[in-house]
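Some features that TrEMBL has for this protein:
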TRANSMEM  20-41  transmembrane segment
TRANSMEM  53-76  transmembrane segment
TRANSMEM  97-118  transmembrane segment
TRANSMEM  148-172  transmembrane segment
TRANSMEM  184-208  transmembrane segment
TRANSMEM  235-254  transmembrane segment
Amino acid sequence: MLEKIQKALTIRSGTIRELLAEALGMFILMVFGLSSVAQVVLGRGDFGQHLSINLGFGIGVTLGIHAAGGISGAHLNAAITLTHCILGNLSWRKLPAYLIGQFLGSFMAAATVFGLYYDALYDYTKGNFTVTGPTATASIFSTYPAPYVSFVGGFFTEFMATVMLLLGILIIHDEKNNEALKGTQALLTGILVLGIGLGMGLNTGYAINPSRDLPPRVFTAIAGWGMDVFKAGDHWWWVPLTAPTLGSLAGVLIHKLFIDFHNQPVLESGNEKGQPVVETS
């Protein structure tokens, strides 16, 4: 019976399997991340601090990569997926499937955390869900700039944080250089995100990922926060979409200019002393 059910439910399309893998990986990432933010905010600092949020997202990234990595490559980030398409590493035909999977998983994670902490949200806000003010809770789900941050400063923060994300990912996976040990890539990527949060989370909350920011923002608009989620921060919502995308492309370019272009495999002809040449790849 179980074999029949499995056979009936098995999906043969590789593209659909990648969509589902991205959805599950993103769901895991965001549930860990958003729930850690909710616990810190709604617990009024008694159930965690800023480090808790960074650890939550780091753990979520690690587990999300383990869930989806073998099927879709675990992009879990629309900016990374778009960059792969531009570089020719991923077919443009697969772009919609990856984005739909990521957005679906992120949206469902926001809904899950909303249900998980609904009672606490209601107690904290007295039923008045706001984007700004002393009991603002929209930042549990999406990122908003700090009041003192200029628009240019916030954009540059997101841009540079994503540059560091891509540089870190490329270094971890660089087969021609000092790549990470097999099996440790997911953990190191989680630590990378933890490091970005520890060092670059103050100004904007380090979105560094359109798939992390937009779907929960859409959810909050539907769930009671209204259209203010798109108006707050001088219409900040589009910055976590564009700055990470540009930062992703810049990170790849920097890695190629400083490392990749110059680190080609040595020719098999050997060196001048007649000793065998070690392939760097």
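Backbone N, Cα and C define each Cβ position, glycine as well.
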Surrounding residues of the transmembrane segment (20-41) on its own chain - C-beta under 8 Å, 6+ positions past either end: 11, 47-50, 52-53, 55-57, 59-61, 63-65, 67-69, 71-72, 74-76, 97-98, 100-102, 104-106, 108-110, 112-113, 116-117, 120-121, 124, 137, 139-141, 211-212, 216
CB contact flag for the transmembrane segment (53-76) and the transmembrane segment (184-208), at least three pairs under 8 A: yes
Within-chain partners of the transmembrane segment (184-208) [C-beta distance under 8 Å, separation at least 6 from its ends]: 50-51, 53-55, 57-63, 65-66, 69, 74, 77, 79, 139, 142-146, 149, 153-154, 157-158, 160-162, 164-165, 168-169, 172-173, 239-240, 244, 247
Residue numbers, six or more beyond the limits of the transmembrane segment (97-118), whose CB comes under 8 Å of its CB atoms: 15-16, 18-31, 34-35, 38-39, 42, 72, 75-78, 81, 90, 140-141, 211-212, 214-216, 218-220, 223
Residue numbers, six or more beyond the limits of the transmembrane segment (148-172), whose CB comes under 8 Å of its CB atoms: 79-80, 83, 178-180, 185, 188-189, 192-193, 195-196, 200, 203-204, 206-209, 233-234, 236, 239-240, 243-244, 246-248, 250-252, 254-255, 260
